[in-house]
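According to Swiss-Prot, the protein has these features:
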type     : residues : note
ACT_SITE : 405      : active site, nucleophile
ACT_SITE : 458      : active site, proton donor
REGION   : 686-712  : region 'Disordered'
């Protein structure tokens, strides 16, 4: 029995309770020579090999039958490269000792990670295939400052936590280890003795791929190459650009009819992408594709922020989908969830036995609505983890924009909480100052690092300046979902037309605050679930009136200031609520031409016309781009307004939201001349009654609404028409 290593140390090492394996294992100089120590469970014989010659230079003595070996190589005073020849079950294997390598993380990286200012933490943390001293393998690192011991376990070591305990970098709380021979495609996790002595097995927070549920292991996977954003894609997100978003849940857009199974990323690239392009959309927005354990969360409770879900294929398959979208001229928006995470044991919850990623007080760290945990944005390493993730999706996958979910739940400490269920901030207020700073910092970094990529906020309150720069007190988002517009318009259109005159302001109110933010007008997935009915089914009246109301609503929406968003199925008027477990009702478009085809054709024409005419999109956020012509005709529920581009070209939009046709409806205009009907939601092409103005109408020198020139139109029942001026 050697007196060089204390028996208690050997016992602790074998039991997996020793926190500093590099102080014992590997090669160490002694007075008698260099000593090599190794923990190799189930080995029966171990030799030290000199790689240059292949010669055995020393045999290690088994000091403990559980696999602890040690031996001195005399006449050697300096550390040298070596390998171990290990006899396992009668077969000899030549291995490189993980404990023969020095520290992995550079001091500057460790400092930046500790400070929370490492722009790309995923380049350092996690699992990265690498070559060290000519040896190929994988370097692993994980932030777990309060753990007593952390090991890498995986397919390369029989999931045995004794075999690969990691080195702790105490200055940063990061554990690291290079494992020779570990390679891409192998499964792994981190096994740790936590701060309280409890054994935990965790997935890698920075894993680039993960197993599909219910399995939870991470996969060694190379860091994707950076994607260069083209100038065309940068311009596509501009405030003056036409932005029409098709919001999609990949798992239920379309499924295989024989087994109701999902389409793969590559199948979606071949089917969804050309469909969205044909429909005239400019952007596809994906509900979260980060790995998540529960299908019913739709991806909004992610456990693998850096890993595309395996439900639809591999990481490379997902990149194929994005590349296909870009090749088709479509930008890709990713729903991003930095607001909360699920409490699954294998994830971030109590990661090292402490509330590392979350707040310890449930009044700050627990989300009552969703049974999830809230990130501690005030902890530098946590904020860095999230900021790096935003940059990762844009730089490494070519994502063009991030839509941030549930911003209100992040920035208000009392969100969905009663009195006594929340903790005020340091000034006694309800704002989550750390979350606000996190969002501002994220948006600032993205603006600096990836100009052209943008962020969009789903923010349900009247927090000022969500899409204004921090210098103006804002959060720094480029766009904000206009949930007020969505609620007001849906409330209006669900009314029987006879009552709409009493709620005229529902449609006019939006212009009173339109210039306070850069708005997106959303008819999203949230509006077709949980008993709210489909958009079509909310419309009043019989089938004819329901479809007419919906068409008129869409005509109003696509002409109103703000970028556009439709959830899948809305474009062909699906009649039932969305179900994430099944395909959209594509059968509604089978057989003969019907009302659903009419709505689909209308949405396509709306998209194409909206994109073609600058007046409909160039000045969404400038008061010059909009003017009411008729705003107060509540008795007849008629609205008329003008959209205008920077050159002064106008489009007139006239809506009649009753089933009563309005012939000879006169209103004043700014520009006399011949006005051509470029869109009529009541056209027979869309299965309407085909009332209208024979394609065009000439203005009169007839004073109306305080203007010397006017138009006299036929306003079809339950319709919106668009007119463009052709000349004097």
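Using the three backbone atoms N, Cα and C, a Cβ is placed for every residue, glycine included.
Predicted, not measured: the structure shown is a model, and the values here were computed from it.
Around the Cβ of the residue listed as 'active site, proton donor', the number of neighbouring Cβ atoms within 10 Å comes to 21.
Long-range neighbours of residue 405 (active site, nucleophile) (same chain, six or more residues apart, CB within less than 8 Å of its CB): 288, 300, 335, 336, 337, 339, 458.
For the recorded site, residue 458 (active site, proton donor), the DSSP three-state label reads coil. Classification of residue 405 (active site, nucleophile) by DSSP places it in coil, neither helical nor stranded.
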